[in-house]
Structures are given as structure tokens and as C-alpha cells.
Amino acid sequence: MGVFTGDYICKLDAKGRLVLPARLKASLPESPSNELYLRKGLENCLVLRTHLEAKKEYSLLANLDATDERVRDFQRAYFRREVIVEMDSAGRILIPKNLLLYAKLEDSASVIGIGTRIEIWNTESLDAREEAALGNYAAMYSEFMGKNG
């Protein structure tokens, strides 16, 4: 599996289908199925992951103590925010209506590769988020990547 990188503006059709950019599709691992995992992100975006990446988190969730009420509440909240979508032969995924509304997606979306995942954003929301969060990108780069970065 390759690394997902880049920032793309993609059109959504009237049915809520999004064509994944060719470079992102090329980074998907070979798989007998075209299933991907789409979930609500933490910042009003959508997160698209491969089966392998979703399975890593599912393993963590399976090891939590299900007799703990907070664990059950978290698991319930976690799984109801994720759906399995299938990429069709044209490279499109159908985004369910509730997820389109959550991310405020209408005619187009910003699709960005973030290493092991893909985020799908309302472009205006992404721009506002980035402006607020990355006031000084150079300082953040130094903090998170170290002086050798």
C-alpha cells in the first residue's frame, strides 16, 4: 500500500457519488473487494480508510472491557459513525446522505491524502480550519518534525 498525499478538488454528482483522484486510487492496496470504510471525522470531515487500517482500530476496540458502560457507549458511538462503501468500476464511492450533511458537502469536496487515510472536506471548512490551526506552520513543523525534519 502506498501513502496517501495531496489535495484535490473533486465533484460530487447528484446522487452523492465522489470520484477518487487517480493518484489516491493508485495508492490503495490490491484487494479482492472494493470495500472502503467511511466515517465521520472529528472535525466535521469524513475519513476514508482501507480495510487494513479499519481492522487495526477494530482490534483495539475488541480488546476493551465490554462490561464497562462507558466502553459500550464509546463502541456504539464509534460504529454508528462508520459505514462500508464500495468503489464502483468508475472509481466512485457513494457517500450516504447523513454523511454528506455532517460534512456539509454539496457539489464538490476537498479530498486530501493524510498518510494512511483520506479526508473529505467541505472546501471552505477545510480552509477555515487550516487557517485557524496552522497560524505558524514553520513553528509547528519544527515542534512535530524536530530540527532534523
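Numbers run from 1 along the shown chain.
Any Cβ shown, glycine's included, is placed from N, Cα and C.
Remember, TrEMBL labels are computer predictions, not curated facts.
What TrEMBL records for this protein:
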type   : residues : note
DOMAIN : 7-53     : domain 'SpoVT-AbrB'
DOMAIN : 82-125   : domain 'SpoVT-AbrB'
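In terms of DSSP secondary structure, the domain 'SpoVT-AbrB' (7-53) contains 8 helix, 19 strand, 20 coil. Long-range contacts of the domain 'SpoVT-AbrB' (82-125) within its own chain (CB-CB distance under 8 A, at least 6 residues past either end) are made by residues 3-13, 15-25, 27, 33-41, 44-50, 53-54. For the domain 'SpoVT-AbrB' (82-125), the DSSP counts in helix, strand and coil order read 10 helix, 21 strand, 13 coil. When pLDDT is averaged over the domain 'SpoVT-AbrB' (82-125), the result is 96.
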